[in-house]
Amino acid sequence: MSPGPEGALRFVKGHGTQNDFVVIADPDADLALGTELVAALCDRQRGIGADGLLRVARSGALVSRGVLDALPDGVSPDDWFMDYRNGDGSVAEMCGNGVRVFAHFVRATGLVDTDTFPVGSRAGARPVTIHSFDDVHAEVTVEMGVARLDGSYTVRIGDDIYPGARVDVGNPHLACVVAEMTADDLAAVDFTAGVTIDSAAFPHGANVELLTPPKEDADGGLTARMRVFERGVGETRSCGTGLVAAARAALHGRGADSGTLRIGIPGGEVTVTIAPDGSTLRGPSMLVADGVLRPGWDR
Ligand SMILES: N[C@@H](CCC[C@H](N)C(=O)O)C(=O)O
């Protein structure tokens, strides 16, 4: 898939647990993806509408075009690179749900013909395993790297203050495991009342997660529920890096540096496994629609 005749642009719409993306294949990085263009494409009234945009390009082409200064850690020039943008047009280092959708897209369109391969991101290479896929559905595990705890901070949401942990998953998070919070309490939190973090502690902003304390289910597994307010987007129905950050913080609160959590978010459920030397995120991807932007759509 590539830009079509007379400026027509093909896209696919996909989501990972309802964190939704416009996916554009641009192997040679020909498109000038400016902030305004991305924001317009992701706008739910004047564009296609999405939480973010995934450009599918060869890593080496992004360096040649000056989109990337250099290849990130572990990324080779021929690797497919997820050039991720938030819905407001800003660039982010990583997107966990985005990697699942990206991997599904390159596998289902035949750009890749194996079930394990690396996906390039600004945070470094993120190896993936495709457990199953067809043109619409896939189940994908992403190796998300080490989730690093980095101090305690708070967030104000409306009139309420929540303590949390700063966690680096390649992008910045403030993960708040809220003592005694039930799923109903979590559902009642009003992000529209305003979400304020300490800008000195988070000079580049942060994604904010609220998580209920993990509980043991009938099988002895740990489960929790989460909501997220994303940098560059607002509340989304899921955030892969946020789920890893929240799982890391929750296990740490239980005195553990490894373990597995099933976490429910408004858009579905994923499984996160944390270990001292890395973490994984397993969940679904859906490719929902193919489309073509009409020339002049943005004027
Ligand atoms: N939804 C994503 C995270 C996208 C980037 C984030 N908003 C940021 O600015 O860091 C995910 O699934 O991880």
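Cβ coordinates come from backbone N, Cα and C, glycine included.
All TrEMBL annotations are machine predictions without curation.
Residues or ranges marked as substrate binding site by TrEMBL: ASN19, ASN86, GLY96, ASN97, ASN171, ASN207, GLU230, ARG231, GLY240, THR241. Using a 10 Å radius centred on the Cβ of GLY96 (substrate binding site) and all shown protein chains, the other Cβ atoms total 30.
Taking a C-beta cut-off of under 8 angstroms and a sequence separation of 6 or more, CYS95 (active site, proton donor) has the following same-chain neighbours: ASN19, GLY52, LEU54, MET82, TYR84, SER121, ASN171, GLY240, THR241. Under the heading active site, proton donor, TrEMBL lists CYS95.
What TrEMBL records for CYS95 is active site.
Residues annotated as active site, proton acceptor in TrEMBL: CYS239. Secondary structure from DSSP puts CYS239 (active site, proton acceptor) in coil. Under 8 Å, Cβ to Cβ, and six or more positions away along its own chain, CYS239 (active site, proton acceptor) finds ASN19, GLY96, ASN97, ASN207, GLU209, VAL228, GLU230, ILE265.
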For the binding-site residues ASN19, ASN171, which one has the sparsest Cβ surroundings, going by other Cβ atoms within 10 Å? ASN171
Reading the DSSP string in three states, the entry for GLY96 (substrate binding site) is helix
GLU230 (substrate binding site) has its Cβ surrounded, within 10 angstroms, by a count of other Cβ atoms equal to 27
